[in-house]
Amino acid sequence: MTGQRPHGIGRRGLPAAAAAWTALPWPPLPWPPLPWATRPARAAAGRVVCIGAALTECVFALGEGPHLVARDSSSRFPAAALALPDIGYMRALPPEGIASLSPDLVILSEEAGPAEAVAVLRATGLPMRTLPDGAGPGAAEAKLRGVGAALGRDAEPVARQVAADWAMLDAPLAGLRARPRVLFVLSLARGAPLVSGEGTHADAAIAAAGGVNPVRGWRGYRPLSAESAATLAPDVILMMDFALQEAGGAAAVFATPALAVTPAARAGRVVALDGGLMLGFGPRAAHGRRALAALLHPDAALPPLPERPWTAA
Amino acid sequence: MDGGVRPAAGGAAAPAPAPGPDRTAGAPPSATRVLALGGLLLAAAMLAGLLLGPAAVTARGLLATLLDAAGLAPLPAEHARDAAVLGVIRAPRVLLAAMLGAGLAAAGTVMQGLFRNPLADPALLGISAGAALAAVAAIVFGHGLFGGLFGPQAGALGLWLLPVAAFAGGLAITFALSRLGTRAGVTSVPLLLLSGVALNALCGALTGLLIFMADERQARDITFWTLGSLAGARWPQVPVALALVLLPALLLLPLARPLNALVLGESGAFHLGVDVERLKRVAVVLSAVTVAAGVAAAGLVGFVGLVVPHLVRLAFGADNRLVLPGSMLLGASLLVLADLAARWLAAPAELPVGVVTALLGAPFFLWLLRRRAGLA
């Protein structure tokens, strides 16, 4: 994502030989364009492999779940997804494993990798659709529309409902005076908790739910020292529910030296939420936003959101 | 140094001035038999690697793919998947695995001969650690740096950033080694070994520092990279591996005879007419190139370089003229089969191939140690 910055330096000085080497018409050596490469990338009644938790939720939300033949290890919602074959961790894609499922379409989060394995998959001519894995307002609709286009299915009704649910929370959250400082802890990691910097899905989730991420100045999830935790002074520690369980509950969290000195520890405020609901920014984005806002602002009057088919497991 | 390397390798090959100690008593297994056996095994392994896997390929699909590749008949649509699996995924992968296995095993044999130590392997000198350090740096800094420099072209070129960095890292360590291990023109094997240990530790520490600086996703990428994988094998890598993995390994073959002489110690070998200094330099540099390029292509693949030479010695005795080519053939076969297992065992997911080789290699090595307790 950082690569998107509009830098132009040195593009002229691009090592021509290296570029030419990669640009050569390298194989599939003696293999001509494969027939499936010319097939349109849609699977009205086809076999779909989906890699990326939020994208898998989108496929189910659009009613195309029955076409899925495999998922990645992060796709754990809805329950029907768990019954599908698992191609493993999305940053360690297995080219032959995916080809062995004879998919008519591979829907791929842009976060999937490694780039080499994606290049191999591309070279096989399998129809692939890479979709952005954004966070924040509008991200869920973008994913739904992307998946809908890939599947040849109208995503507008679902996207509009998600957008409407999201918008129901805008006014009540804007009216809140308190903006708690919320530190998202990915894992306690034996004393140096991994916390969310800028540009993370957790950062976007906290902002959308009316909190403030006190971490500024670096991106991604990184370990935090005890001293910087004290200067960040979070009012609330936020975790994924399974991570909090694994860590051993609130007592263990505040026994960590880095977190023991925070205002959150004095108030005993650690909250936890399902990771896919809170950080996925898929069809459940609005409901995740409400659930997190309710945890961060226990006294606020938030409107209940309607039950949707895609929020039920 | 360039001038000295080639003649040494070539010179020892054809004329072979050193008589070489023919210490193998009794009936030594003939080289042709070993080579034929190994060649047969490798052919069978490569055939299995090509034909087997989670994506079942029918005989008809294979035939259609071959006819199409030969330009005899166009590919029928129903065999498109078979053709892609065979030609795009498996063929480059099997070729890379074979070359990598041969290179690692050859480097391992030569290291064990050079250090006269059964526990030596290509990782000992810190060459793979240096390559790993550079690869990890590429994972941590590569995206920002490369994306910034090249913009949209970064995608295609970016695939080469990590392997090029890893290869350069391995060579840099080799250069440092040859400087550190040489005093007044004489390469000291103990000095080389101890410098390697220190460089290993240094590279390990710097890699740790980079992991500390990495964010969560980069750290996971690093973990998977260090476990080794051939999942990214593509055709453009094949000619590169041919030149940088297989060729240096083949150039190691002529060292078999001087390495046999080295069993008598450096002065003993010297009196047999072996140019010991040149032998040490050539052995280290060629092993380094093949190992660095191998790490660049597939990450860290352990145990092939350590275990395979022992297997061959167990079967055919310690004559390096048999052990070296035999190890190359067996190493190639084993890595092809390990990669087949990596593709197949957890299908549709994939195991890291380094995990498979270590899972097979470590228990076997322990068994070997117990069986031959009198070895050291």
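Here the Cβ of each residue, glycine as well, is placed from N, Cα and C on the backbone.
What you are looking at is a predicted structure, and each value in this text was computed from that prediction instead of being measured.
Look at TrEMBL and you will find B:1-28 tagged as region 'Disordered'.
Listed as Cβ neighbours of the transmembrane segment (B:34-57) (distance under 8 Å, sequence separation of 6 or more from its ends, same chain) are residues 81-82, 85-86, 89-91, 93-94, 97-98, 316, 322, 325-326, 328-330, 332-334, 336-337, 339-340, 343-344, 347-348. Taken from TrEMBL, the feature transmembrane segment covers B:34-57 (among others).
Per TrEMBL, transmembrane segment is recorded for B:94-115 (among others).
The annotation transmembrane segment is assigned in TrEMBL to B:127-150 (among others).
Listed as Cβ neighbours of the transmembrane segment (B:157-177) (distance under 8 Å, sequence separation of 6 or more from its ends, same chain) are residues 125-135, 137-139, 142-143, 146-147, 150, 192, 195-196, 199, 203, 225, 232, 237, 244, 284-285, 288-289, 291-293, 295-297. For B:157-177 (among others), the entry in TrEMBL reads transmembrane segment.
Taken from TrEMBL, the feature transmembrane segment applies to B:189-214 (among others). Same-chain residues lying 6+ beyond the ends of the transmembrane segment (B:189-214) with a Cβ under 8 Å from its Cβ atoms: 114-115, 123-126, 129-130, 132-133, 136-137, 139-140, 173, 176-177, 180-181, 183, 222, 266, 280, 284.
Remote same-chain partners of the transmembrane segment (B:235-256), defined as residues 6 or more beyond its termini with a Cβ less than 8 Å from a stretch Cβ, comprise 9-10, 12-13, 91-92, 95-96, 99-100, 102-103, 106-107, 109-110, 113, 163, 167, 279, 282-283, 286-287, 289-290, 293-294, 297, 319-321, 323-325, 328. Look at TrEMBL and you will find B:235-256 (among others) tagged as transmembrane segment.
Same-chain residues lying 6+ beyond the ends of the transmembrane segment (B:282-310) with a Cβ under 8 Å from its Cβ atoms: 1, 4-5, 8-9, 96-97, 100-101, 103-114, 118-119, 121-123, 125, 127-128, 130-132, 135, 162-167, 169-171, 173-174, 177-178, 181, 187, 192, 225-230, 233, 237, 240-241, 244-246, 248-249, 251-252, 255, 259, 323, 327, 330-331, 334-335, 352-354, 357-358, 360-362, 364-365, 368. Summarising the annotation, TrEMBL assigns transmembrane segment to B:282-310 (among others).
Away from its own ends, the transmembrane segment (B:322-345) comes close to residues 28-29, 31, 34-35, 38-39, 41-42, 44-46, 48-49, 52-54, 93-94, 97-106, 108-110, 229-230, 249, 252-253, 255-256, 259, 301, 304-305, 308-309, 311-313, 315-316, 351-353, 355-357, 360 of its chain (Cβ-Cβ under 8 Å, at least six residues beyond either end). The annotation transmembrane segment is assigned in TrEMBL to B:322-345 (among others).
Residues annotated as transmembrane segment in TrEMBL: B:351-369 (among others). Same-chain neighbours of the transmembrane segment (B:351-369): 97, 224, 226-230, 298-304, 306-307, 310, 314, 334-335, 338-339, 341-342, 345, 375, counting only residues six or more beyond its ends whose CB sits under 8 Å from a CB of the stretch.
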